[in-house]
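Copied from TrEMBL, the annotated features are:
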BINDING   GLN131, CYS132, GLN133, PRO263, TYR264, GLY265, GLY266, MET267, GLU268, ARG560, MET561, LYS562  peptide binding site
BINDING   HIS292, HIS296, GLU315  Zn(2+) binding site
ACT_SITE  GLU293  active site, proton acceptor
ACT_SITE  TYR380  active site, proton donor
DOMAIN    460-604  domain 'Peptidase M1 leukotriene A4 hydrolase/aminopeptidase C-terminal'
Amino acid sequence: MSDPCSFSSFTRCVTKHLNLSLHVDFDRNVIRGKVELTVEALEDRFSALTLDTRDLKIISVSANGQAACFNLSPKHSFKGTPLEITLPFDLSRGQHVIVEVTYETSPSATALQWLTPAQTAGKKHPYLFSQCQAHHCRSMVPCQDSPSIKHTYYAQVSVPKDLVAVMSAVRDGQEVDPQDNSRIIYRFRQPVAMPSYLIAIVVGALESRKIGPRSRVWSEEGVVDKAEKEFSETENMLKTAEDLAGPYVWGQYDILVLPPSFPYGGMENPCLTFATPTLLAGDKSLSNVIAHEIAHSWTGNLVTNKTWEHFWLNEGHTVYLERMIGRCMESEQFRQFKAMGGWKDLQESVYTFGANNPLTNLVPSLQDVDPDDAFSSVPYEKGFALLYHLEELLGGPEVFMGFVKSYIQMFAYSSVTTEDWKNYLFTYFKDKVDILNKVDWNAWMFTPGMPPVKPQYDTTLADACIALCQRWIKAKDQDLSSFKECDVKTLSSHQLIEFLSLLLQEVPLPLTHVKKMQEVYNLNACMNSEIRSRWLRLCVRSKWEEAVPLALKMATEQGRMKFTRPLFREVFNFDKYRDEAVRVFLANRAAMHYVTAGLVAKDLKVDVTKTTSL
């Protein structure tokens, strides 16, 4: 078993624990670090190991306090640079060694985003946040950067005294830095073994508010009070998830609201979920994002995909669990409605990639593929569709949720492959093997495009959206006066999102129609990001020129890829504004997250090597 996204020698040794000492330097935008890796040998006469690094300056390496020889091999385009370490002694199988590496990150480390004070909410202090998934931890810490390796960690982080550090771990006290009394050292411990991609750090002018018996919300002043109100349901969701999946093992469950350039809706860092600030704009999909990140505490963080080729095990199960939380807190009809929306997201991803693109396989090959380029809704929604299909075949949600809970208990604290999952499925449902044998596993797992079976979802909540969508599609100019504000007054925000999503699947509406829609529904005034992004895409697609600056503004004032990439693509596809899309991207690229900037550049066919560096 090898990991195509890692150079590390994890068939020969495994990291059991990391001890991190980090000094955050905002003047140079680097972290000066020392990491002690407790490594267990898996073979006799073990004397050399390889760690993943990317753009790190390695200063020294030692093993059990003795100097060790090291060598950096040539750099790979996305996997970085293997750090080859030769130990000054041999180990027997089962023995441990502490390998200590002193190093410094690059100002362009792909895991780290350094924000100037102007890029923050408070405008006074700089800010740093990390995003290590999928394979970027190696640009922050030399490590075995593969989800197949799980370890505990302890960290101490020195930061300027005006700032606060938080990590994906339990807070363990603070003290004045003995080397520099203008700095504070914050301490953290993570006693639950986890993969390197879940190591996370944030440093900024942070405040926190208690939102539950085991939860706080963290953000900058001016944002934190709003976040406190928005996340008041957190403990209810945690308890609901525990009823479904078993005890929450991570102790603390905090939420950190990041600055706008954070590229994802959320990131499930243990003890400290990262959340996009787009959730605070009256966005009712907030509960979905937090339910999703809470669900990851079991599926992803506790049971982890062994390599990124099996990413659907993390995300498909998490979407399934997220929607089961929605079912418990709302209704079965709500779960069905969200599943229908997910199917549409899957259709859009398959259309964007191309139906024959192997990256639309549920289990793709990532040999020589950057995992960032493979990121899409496919593992989430194709994975969910498979689990929902199995639920229908095997006896309904209660029966199948029994399997999911048992699977989590069986593989807790370990990393798994699709084959491990499938073998356990057949073991758990040993009395229904004849049903499982009828599933076209090859079509589901290893065939590109849409799944072989489309589940039949309950359309109760979707019918009103479908009916309104059809009215607009079929309307002639003389029919436009029949549309009234009351058409959307009875729709929930989830239904309004669905209505706009349906229109985006059709041929573009005539310009007269979208102008009328604005007149009667006033969607320009809506600040819900999910609604606003779809509405602006619809307007640009219908060639409403006034919408172009609004679309580009939304694409750049926040950096969530779910919104930024489609908005840029839409303007780019409007021939008259193609150059404007590129101009605005290049003007804003420096403020974007590394992953976002790279993917938008590909979408807009911009060769970043010929422009200023990222």
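The backbone N, Cα and C atoms fix where each Cβ goes, and this holds for glycine too.
Positions of the features from TrEMBL, shown on the structure.
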| residue | record | Cβ neighbours (10 Å) |
| --- | --- | --- |
| GLN131 | peptide binding site | 25 |
| GLN133 | peptide binding site | 26 |
| TYR264 | peptide binding site | 22 |
| GLY266 | peptide binding site | 24 |
| GLU268 | peptide binding site | 23 |
| HIS292 | Zn(2+) binding site | 24 |
| HIS296 | Zn(2+) binding site | 25 |
| GLU315 | Zn(2+) binding site | 23 |
| TYR380 | active site, proton donor | 23 |
| MET561 | peptide binding site | 18 |
Checklist entry - For GLU293 (active site, proton acceptor), which residues in the same chain are close in space, meaning a Cβ under 8 Å from its Cβ, but six or more apart along the sequence? => result GLY266, MET267, GLU268, THR273, ALA275
Item to check | Integer average pLDDT (0 to 100) for the domain 'Peptidase M1 leukotriene A4 hydrolase/aminopeptidase C-terminal' (460-604) | outcome: 96
Checklist entry - Can you tell me how far the Cα of MET561 (peptide binding site) sits from the Cα of the residue listed as 'active site, proton donor', in Å? => result 15
Next on the checklist: Tell me the Cα distance separating HIS292 (Zn(2+) binding site) from TYR264 (peptide binding site), rounded to the nearest angstrom.
Outcome noted: 12
Checklist entry - In Å, rounded, how far does the Cα of HIS296 (Zn(2+) binding site) sit from the Cα of TYR380 (active site, proton donor)? => result 12
Checklist entry - If you measure from the Cα of HIS292 (Zn(2+) binding site), which of the recorded positions GLN131, GLN133, TYR380 is the nearest? => result TYR380
Checklist entry - Can you list, in sequence order, the residues of the same chain other than HIS292, HIS296, GLU315 whose CB lies within 8 Å of the CB centroid of the Zn(2+) site? => result GLU268, GLU293, ALA295, THR299, GLY300, ASN314, THR318, VAL319, LEU321, GLU322, TYR380
Checklist entry - In whole Å, how far is GLN133 (peptide binding site) from GLU315 (Zn(2+) binding site) when you measure between their Cα atoms? => result 13
Next on the checklist: Between the Cα atoms of GLN131 (peptide binding site) and the residue listed as 'active site, proton donor', what distance do you get, rounded to the nearest Å?
Outcome noted: 19
Checklist entry - Taking GLN131, CYS132, GLN133, PRO263, TYR264, GLY265, GLY266, MET267, GLU268, ARG560, MET561, LYS562 as the record's peptide-binding set, what's the max Cα pairwise distance in Å, rounded to a whole number? => result 18
Checklist entry - Could you tell me the C-alpha distance between GLN133 (peptide binding site) and the residue listed as 'active site, proton donor' in angstrom, no decimals? => result 15
